[in-house]
Amino acid sequence: MQYLIKQNGLEDQYVAESKATTQDALGRGIDPRAQRELEKNRMPYDRGHRASQMTAKDYDEYEYLICMDEENFADMNRITGGDAQRKEHKLLEFAGSYDDVDDPWYTNDFDTAYQEIYKGCEGLIKKLKEDK
């Protein structure tokens, strides 16, 4: 997402962060299968990225809080204590769908996950440009 933000000249207005809604991924890097998918699609990524925990403070710090699926949406809402300002979204909402991005860790379908995530990110970029 940060790459798309920069490609669209929005880096002075927005920053993308990745946070875990549960503790099972804390400290882990990017799954090697996801790295291969990113490289296949020539998408730059931070090779040193490590998962950090989402906190209630994030609700005040960010304009949008975005997750991939209903389970993480529920976890995000639990962490933030509710969504009075409608900041919390599933990514594919920005692509006109309320579907989940199926977790490729379980499905092993990193290609479909990449395509869905990219489509959602493109929709989010469009929304950010409209908000600008």
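Along the chain as shown, the residues are counted starting at 1.
Using the three backbone atoms N, Cα and C, a Cβ is placed for every residue, glycine included.
Curation plays no part in TrEMBL annotations; they are all automatic predictions.
Remember, predicted model here, so these are calculated numbers, not experimental data.
As annotated by TrEMBL, domain 'Phosphotyrosine protein phosphatase I' applies to 1-127. Here the domain 'Phosphotyrosine protein phosphatase I' (1-127) is broken down by DSSP into helix, strand and coil counts: 61 helix, 10 strand, 56 coil.
Under the heading region 'Disordered', TrEMBL lists 22-52.
The compositional bias 'Basic and acidic residues' annotation in TrEMBL covers 30-49.
Summarising the annotation, TrEMBL assigns active site, proton donor to D103. D103 (active site, proton donor): 13 other CB atoms within 10 A of its CB, across all protein chains.
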